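The block underneath contains the structure these notes are about, expressed in structure tokens.
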Amino acid sequence: MATAGKVIKCKAAVAWEAAKPLVIEEVEVAPPQAMEVRVKILFTSLCHTDVYFWEAKGQTPVFPRIFGHEAGGIVESVGEGVTDLAPGDHVLPVFTGECKECAHCKSAESNMCDLLRINTDRGVMIGDGKSRFSINGKPIYHFVGTSTFSEYTVMHVGCVAKINPAAPLDKVCVLSCGISTGLGATINVAKPPKGSTVAIFGLGAVGLAAAEGARIAGASRIIGIDLNANRFEEARKFGCTEFVNPKDHDKPVQQVLAEMTNGGVDRSVECTGNINAMIQAFECVHDGWGVAVLVGVPHKDAEFKTHPMNFLNERTLKGTFFGNYKPRTDLPNVVELYMKKELEVEKFITHSVPFSEINTAFDLMHKGEGIRCIIRMEN
């Protein structure tokens, strides 16, 4: 492309300080360096993780910053050493990477790349420790290696998944984070047998994706647990067959579930990060074969406490990161699930706004309205 090797001027939504509305600014985006890719973002969506770090609730607040990590785009140019991507390729950026060289990437059992594992503190590229974004010569920092709230962004090649060019980017862009995380937690980690009973704790986007995974796997009962009863009707679209609101009961949730299921559920997936819900999700699975999977990220000081007999009685507790999907290897296959109409992505998309109204997406998330809001970069 004519812009290859040159600085591109484009619009980006800059967070100048914590919890203040994003400002659409003209930024300069430097060309990709070795093992980097510059991508034209066409559609992006807002994830709770963006909001969490924008509010500076994360470890080390870094500002000014360009947030965004769920997106779909087209490769504009590639840096030296990039061989498996070319200008024009359709891609999904991913907040975690796959270098294909480290012990984790070479293991069939792990997706936690040593080189490109998520780092929320780092606001620069790993190659040279510099940002590719600037305004008047001053750096604007990156977020989780993606920064998709910009018309153009630069990423390490390991954080870019090449997908089927026929897949509509305005739909599959939501697969680059939360939806795949929930889906994979059920399909790849919990692995519910056909006809089994699955409990889903938390019915936000990730929990609904976990329910969708249970539906695809053929679970016969999918029990949604949430403190917000307003979420129950929507959750039926994702396969939930019944619901428990802990506020409606004067006994522990694990006891309620045991009574509903003749001793416990076969599988549970915890998507809230609330430490009590995590313990409940483990203690509600059936002895002998029950498996609980933790997806939600807990408070840094949280401690998981349960009696060791819960393990000795053959219950299994697992954790998962990004649904155990390797970004570059596996994400194209998740897109194909959508293309084959096995995965219904449209159900997750409840709102759409032009880039100029990106702050509306933040407002919707704060109000708890909808599931995913697509932000259209070109009006």
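Positions of Cβ are set from backbone N, Cα and C atoms, glycine also.
Pulled from Swiss-Prot, these are the features on record:
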BINDING   C47, T49, H69, C177  Zn(2+) 1 binding site
BINDING   T49, 202-207, D226, R231, T272, 295-297, F322, R372  NAD(+) binding site
BINDING   T49, H69  alcohol binding site
BINDING   C99, C102, C105, C113  Zn(2+) 2 binding site
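Sequence features annotated in Swiss-Prot and their locations in the structure.
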residue : record                : DSSP (3 states)
C47     : Zn(2+) 1 binding site : coil
C99     : Zn(2+) 2 binding site : coil
C105    : Zn(2+) 2 binding site : helix
C113    : Zn(2+) 2 binding site : coil
C177    : Zn(2+) 1 binding site : coil
L203    : NAD(+) binding site   : coil
R231    : NAD(+) binding site   : helix
V295    : NAD(+) binding site   : coil
R372    : NAD(+) binding site   : strand
For this session: Run through the Cβ atoms and count how many others sit within 10 Å of the one on T49 (Zn(2+) 1 binding site).
Result: 20
Exercise. Taking the Cβ of C102 (Zn(2+) 2 binding site) as centre, how many other Cβ atoms lie within 10 Å?
Worked result: 17
For this session: Quick one: pull the CA-CA distance for A205 (NAD(+) binding site) versus C47 (Zn(2+) 1 binding site), whole Å only.
Result: 9
Seminar exercise, completed: Counting every protein chain shown, other Cβ atoms within 10 Å of the Cβ of L203 (NAD(+) binding site) number 26
Exercise. Hey, for the Zn(2+) 2 site built from C99, C102, C105, C113, who else sits with CB inside 8 A of the CB center?
Worked result: G97, E98, K100, E101, A103, H104, K106, D114, L115, L116, G158
For this session: Would you find the one among the binding-site residues C47, C113, C177, A205, V295 whose Cβ has the most company, meaning other Cβ atoms within 10 Å?
Result: V295
For this session: Sort the binding-site residues C113, R231, R372 by C-alpha distance from C47 (Zn(2+) 1 binding site) and give me just the closest.
Result: R372
